[in-house]
Amino acid sequence: MSVIALAILFYFMKRELGLFLLSLMILIQYIWMFLSITVIETGIYINEQGRYGYFAYGGGVLLLFYITTLIALLYWKKFFRIILKRLKAVKFSLKPLADFDLSVIIILLILSLAYFNLLNSPIPILSDTVTKFNFWEYAKYPSLKPLIGNVMAFVGFGSALIYRKNKKIGLFFLLLYLSYLILLGQKFTGFLISIFGILIALYYTSEVKIKFKLKWVFNRYVLIVFVVLFSLVLYKYTLDNPFEYMGLSPMESVFYRAFGLQGHVFWGVTEQYVFLGKNNTWDISELWKGMHLIMLEFWPWRNEDFISVTSRGVSWTNAYPSILLRIFPLPLALIVNMFLLSFVAIIQELLRKFIESKSIISSIVFFQLLVWTSYAYTMAYFNKLVIPVVLLFIYLAYSYFSAKSHLKNTE
């Protein structure tokens, strides 16, 4: 199934590279789950469920969700491109500062605050006790967390947009940003989100239409980035091996973390609700914090440990579309998935529109909304969609009344 999924992905990238980049956070998790389920169904031990995996048609069920997801993204892209065709992008300015100048000031301010806090706090990459997960518990200025966050992907994205107009400033910001991620101890996911933002910015600001070529996958720069990221993870696992109790070496632990756990939630739900025929809950409110419900269902340790872990913001990964299989039978879950993706698609279309209109600040805002939205879907934390929904409503309402006012003035 992994080979089929990769073949479909490469074809999709060749036909819809822009949409692939906008959907990267979602699609890359599908590929990761395919690889993980392939390993799980060989019978490895799943430490987060306290049991061994076995063949339960997990790959086949995941392929159905994967294909319907791609179809839905394509359909909603065309739908919203027609619906939002007349919507104009908003450009911010504060005389004498234009949209570009304001974006440079904002990115510089965020980077300055991030480094000021980091350099006055224990640095995760140099610490045995502080990690990217608990950094803000030890940070000198924890009140900055809502502004800076853990990855600051919008900074990488904004820096790439700035790079198109001023290469020196943009490159300087990008180097500062990537260095910050390394010092913070970010591994695969953090860098993936960052690269995702940078590629979106460069693709949609390119004056030449970029087409995917398979040789990109084997490009030496891609390999260098992979080796560097792998080395950073291996170094961190050498300092603190989370699977040492299972008798795994740091190297084995890296591969176990990468291929043994990414898809275990989907495999577990498929096994219970599709393969074994457990009754569905039919409770759509479970989408609100779906990850916690699924964790609790498969949690092999004490409930006190579950409460302790979740209260610190730690969770498993990829609870979507798993949560849909817990709520609905498979055929209905596939249909619901296609409808739910419409919200992702409208954010994607607006972001594309803003970038191509060279509205940098609006682009940065909607890129962050896309990150939050993609995270909410992949983790089944639909409670985190509140801010994106509110901001989208405010923007659409503002655009509507602005257009109405403009039309009235021209009459």
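Glycine too: its Cβ is placed from the backbone N, Cα and C atoms.
Nobody curates TrEMBL annotations by hand; they come from automatic prediction.
Lifted from TrEMBL, the feature list:
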| type | residues | note |
| --- | --- | --- |
| DOMAIN | 286-394 | domain 'DUF6418' |
| TRANSMEM | 20-46 | transmembrane segment |
| TRANSMEM | 52-76 | transmembrane segment |
| TRANSMEM | 97-118 | transmembrane segment |
| TRANSMEM | 144-162 | transmembrane segment |
| TRANSMEM | 169-185 | transmembrane segment |
| TRANSMEM | 191-206 | transmembrane segment |
| TRANSMEM | 218-237 | transmembrane segment |
| TRANSMEM | 323-347 | transmembrane segment |
| TRANSMEM | 359-379 | transmembrane segment |
| TRANSMEM | 385-403 | transmembrane segment |
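On the 0 to 100 pLDDT scale, the domain 'DUF6418' (286-394) averages 89 in the predicted structure. Contact between the transmembrane segment (385-403) and the transmembrane segment (323-347) is present: at least three CB pairs lie under 8 Å, with pairs separated by 6 or more positions in sequence. Counting Cβ pairs under 8 Å to the transmembrane segment (359-379), the top-ranked stretch among 20-46, 97-118, 144-162, 323-347 is 144-162.
Counting C-beta pairs under 8 angstroms (sequence separation of 6 or more), the transmembrane segment (144-162) fails to reach the transmembrane segment (52-76), with fewer than 3 such pairs. When the stretches 20-46, 97-118, 169-185, 218-237, 323-347 are ranked by Cβ pairs under 8 Å to the transmembrane segment (191-206), first place goes to 20-46. It is 323-347 that, among the stretches 97-118, 218-237, 323-347, forms the most Cβ pairs under 8 Å with the transmembrane segment (52-76). Using a Cβ-Cβ cut-off under 8 Å and counting only residues 6 or more beyond its ends in the same chain, the transmembrane segment (97-118) has close neighbours at 91, 139-141, 144, 147-148, 152, 155, 158-159, 161-162, 165-166, 169, 173, 176-177, 180, 183-184, 358-361, 364. Counted with DSSP, the domain 'DUF6418' (286-394) comes out as 86 helix, 0 strand, 23 coil.
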